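Student: Sharing the record's features from TrEMBL:
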type	residues	note
ACT_SITE	Lys196	active site, schiff-base intermediate with substrate
BINDING	Arg206, Arg217	5-aminolevulinate 1 binding site
BINDING	Glu233	Mg(2+) binding site
ACT_SITE	Lys248	active site, schiff-base intermediate with substrate
BINDING	Ser274, Tyr313	5-aminolevulinate 2 binding site
Amino acid sequence: MFPTHRPRRLRRTPALRRLVSETTVAPRQLVLPMFVREGATEPAPISSMPGVVQHTRDSLRKAAVEAVDAGVGGLMLFGVPAHRDAVGSGATDPDGVLNVALRDLREELGDATVLMSDCCLDEFTDHGHCGVLAPDGTVDNDATLARYGDMAVAQAESGAHLIGPSGMMDGQIGAIREALDAAGHTGAGLLAYSAKYASAFFGPFREAVDSQLKGDRRTYQQDPANAREALRETELDLAEGADLVMVKPGLPYLDVLRAVAEMSPVPVASYQVSGEYAMIEAAVANGWLDRRLTVLESLTSLRRAGADVILTYWAVDAARWLASG
Ligand code: PBG
């Protein structure tokens, strides 16, 4: 008695496996998130994200050019301001760190890459929340929308091709679209963080941006227990004018990514977040995982689940590995 079906036949040689491989990852699909710190004179390492730094204006320029030369598809910028206040004034100040960095990179790179900017107040507020606070201390949704609109306009004026609203306020995509259009920035696109969870995997990011947050973001980011809600959030963002939608984090939310990819008429992004980076790097540092194999497998998994675009701190390494076969 022999088995009738032998799936192993297609796995016998590297050439056979290559022929029938379903999922590819290309450097152009990868976006590198980058941090720039106001007033910095030296790049500062982020201890929980080995290999990632808070850039100076200068080192950011150099690293951005290197990333583009390596073939990555885009850059996502986060600012670390020197001063913070209750309303996050630095976010809308044309001379605020993020807007200055956008102008630097637009001048350096023109349209050679896709410049993206985080549109959220948490890096800029002294309380660390993603929006402004009402007198009772809760995050004031509608007052925050006005700030997001002004922030997005400042970013578009500074050269962002895509603006990434990540604050999970209700109506943020519609409000930002309206503000951009009213200011004449009809061509600036929106990468909507549609399904963003209140995730423990954002831990190292808080160090990366010197976050002032005490408490959590559970009144605006989604409950990790909920999948259905992600589809509703995505539908709302699409109706309000999202040009791309994103699911975040990455590997812990592959089911959500798959569901969003199945219903979305626009490209879908996935964000492999700081904690995912930290976990794999820590295991690699202990000699427990192979860096290249693990990173490429995780990127392949995100693509297989439906991501067209992946934000990953490994974008440059991965682009080089992929280019070298
Ligand atoms: C909000 C924002 C966060 C991340 C991206 N945008 C932090 C948060 O929501 O707490 C996290 C990214 C990561 O962990 O890599 N500005």
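In case you wondered, yes, glycine gets a Cβ from its N, Cα and C as well.
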Student: Calculate the distance in Å between the alpha carbons (Cα) of Lys196 (active site, schiff-base intermediate with substrate) and Lys248 (active site, schiff-base intermediate with substrate), and round it to a whole number.
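Tutor: Lys248 (active site, schiff-base intermediate with substrate) has its Cα 5 Å from the Cα of Lys196 (active site, schiff-base intermediate with substrate).
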Student: Show me the subset of Glu233, Lys248, Tyr313 whose Cα is within 10 Å of Arg217 (5-aminolevulinate 1 binding site); these are the recorded positions I mean.
Tutor: none
Student: When you tally the Cβ atoms that lie within 10 Å of each candidate's Cβ, which of the binding-site residues (Arg206, Arg217) has the highest tally?
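Tutor: Counting Cβ neighbours within 10 Å, the top one is Arg217.
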Student: Mind running the recorded positions Lys196, Glu233, Lys248, Ser274, Tyr313 against ligand 1 and keeping the ones whose CB falls under 6 Å of it?
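Tutor: Cβ under 6 Å from ligand 1: Ser274.
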Student: For Ser274 (5-aminolevulinate 2 binding site) and Arg206 (5-aminolevulinate 1 binding site), what Cα-Cα distance in Å is obtained after rounding to a whole number?
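Tutor: Cα of Ser274 (5-aminolevulinate 2 binding site) to Cα of Arg206 (5-aminolevulinate 1 binding site) measures 9 Å after rounding.
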Student: Just to confirm: which same-chain residues, 6+ apart in sequence, have a Cβ under 8 Å from the Cβ of Tyr313 (5-aminolevulinate 2 binding site)?
Tutor: Leu32, Pro33, Met49, Gly51, Val52, Gln272, Ser274, Tyr277
Student: Which of the three DSSP states, helix, strand or coil, fits Ser274 (5-aminolevulinate 2 binding site)?
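Tutor: The residue in question, Ser274 (5-aminolevulinate 2 binding site), is helix (DSSP, three-state).
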Student: Where's the emptiest Cβ shell within 10 Å among the active-site residues Lys196, Lys248?
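Tutor: Among the active-site residues Lys196, Lys248, the sparsest Cβ neighbourhood within 10 Å belongs to Lys248.
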Student: Whole-number Å only: compute the distance from the Cα of Lys248 (active site, schiff-base intermediate with substrate) to the Cα of Glu233 (Mg(2+) binding site).
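Tutor: So the alpha carbons of Lys248 (active site, schiff-base intermediate with substrate) and Glu233 (Mg(2+) binding site) sit roughly 13 Å from each other.
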Student: Sorted by position, what residues of the same chain at least six away from Glu233 (Mg(2+) binding site) have a C-beta under 8 A from it?
Tutor: Met168, Ser194, Ala195, Gln222
Student: When a 10 Å sphere is centred on the Cβ of Ser274 (5-aminolevulinate 2 binding site), how many other Cβ atoms does it contain?
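Tutor: Around the Cβ of Ser274 (5-aminolevulinate 2 binding site), 25 other Cβ atoms lie within 10 Å.
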